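In what follows, a single structure is set out as structure tokens and then discussed.
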Amino acid sequence: MSKHFFLHNEFHWQGRHDAEDGAAGSRVHHVVQQIDYTHIGENPYGVALLGFACDAGVARNKGRIGAKKSPDLIRRALANLAWHSPHPLYDLGTVVCDDDLLESSQQHCAKMIAEVLPSVPVITLGGGHEVAWASFSGLARYFEQHHPEKAPKIGIINFDAHFDLRAFSSSQADIKPSSGTPFNQIQHYCQQQGWDFHYACLGVSKASNTRALFERAEQLNVWFVEDKDLGSVNHDYHLTQLQHFIDDCDYLYLTIDLDVFPAATAPGVSAPAARGVSYDNLAPFLDRILAHRDKLMLADIAEYNPTYDVDSQTARLAARLCWDIANAMNDKLEHQ
């Protein structure tokens, strides 16, 4: 793999060490193993972490750049969190997108994801939300290589203030794939393959999406819930709808754009939310998804922008989300 796109495990994991507690004092930095992704099948079951250092898609979408620096800062915030699982984490390194080489970087990221999914689930640390096209492409490649006999029913669940259904090509304007286009790209791919497109977008902001994007979502039968409707008073109804969505799918891909949270909670994002959805209101939906660990194969966290963070609070939020997802994925083995 070209060194231009891939930095092999250069992050140095370190953190607090409580020697008096022995193995019971384990933290993430104690259990994470940096390995070559081609050797993942030789190791015990765990969860793989893969960085995607890229904000070329954000730049193309006319957003605030800075997300390229995020994977290692999420790792740093993750390193000191307590680790209770008997299963390890595997750090596969970071795919780096230099200049505007977005498509090539996405292909490299997808290749790595496809190669490790037969052995372990994957959490990708973005980067802008262009990571979603890389993540899904890797998942799709996995199914094409290992289960070509049947079209997979993949449920895509996106916590996001934006649909990210913008056009990725046009004869009337100079348009390229960006952080605003991944789910339109995914739908186009599914259509070409004859796969159903199951897309849920939770926390979408009516103020941040044009009428054209809402019409596109309706056209594609996207199940969405606006930010203002994710309050606790509506939890039971929307959780039931989420359960129906999950039941209709055989596999789940979870993607979290940190701009779904209020700017006061997540200031370090490419597009801060004036309203957003509180962590407390979002948590029951995340918990419901993680309860279906048998279906959850892939997740990513996107749009952390450390340039605008305050006291690393957005990094800590991203790390906690990663920690929650990784624990659920590792629990899969305990419940088999």
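FYI, residue positions are counted from 1 along the chain as it appears here.
Positions of Cβ are set from backbone N, Cα and C atoms, glycine also.
As annotated by Swiss-Prot, Mn(2+) 1 binding site applies to HIS129, ASP160, ASP164, ASP257. Sequence-distant contacts of ASP160 (Mn(2+) 1 binding site), defined by Cβ-Cβ distance under 8 angstroms and a gap of at least six in the same chain, are HIS129, CYS201, LEU202, GLY203, VAL204, THR255, ILE256, ASP257, ASP259, VAL260.
Marked as Mn(2+) 2 binding site by Swiss-Prot: ASP160, HIS162, ASP257, ASP259. Summarising the environment of ASP257 (Mn(2+) 1 binding site), the number of other Cβ atoms within 10 Å of its Cβ, over all protein chains shown, is 30.
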DSSP, reduced to three states, assigns HIS162 (Mn(2+) 2 binding site) to coil
Sorted by position, what residues of the same chain at least six away from ASP164 (Mn(2+) 1 binding site) have a C-beta under 8 A from it?
HIS129, ALA132, ASN158, SER179, GLY180, THR181, PRO182, PHE183, ASN184, ASP257
Count the other Cβ atoms sitting within 10 Å of the Cβ of HIS129 (Mn(2+) 1 binding site), across every protein chain shown.
32
Look at the binding-site residues HIS162, ASP259 and tell me which residue has the greatest number of other C-beta atoms within 10 angstroms of its C-beta.
ASP259
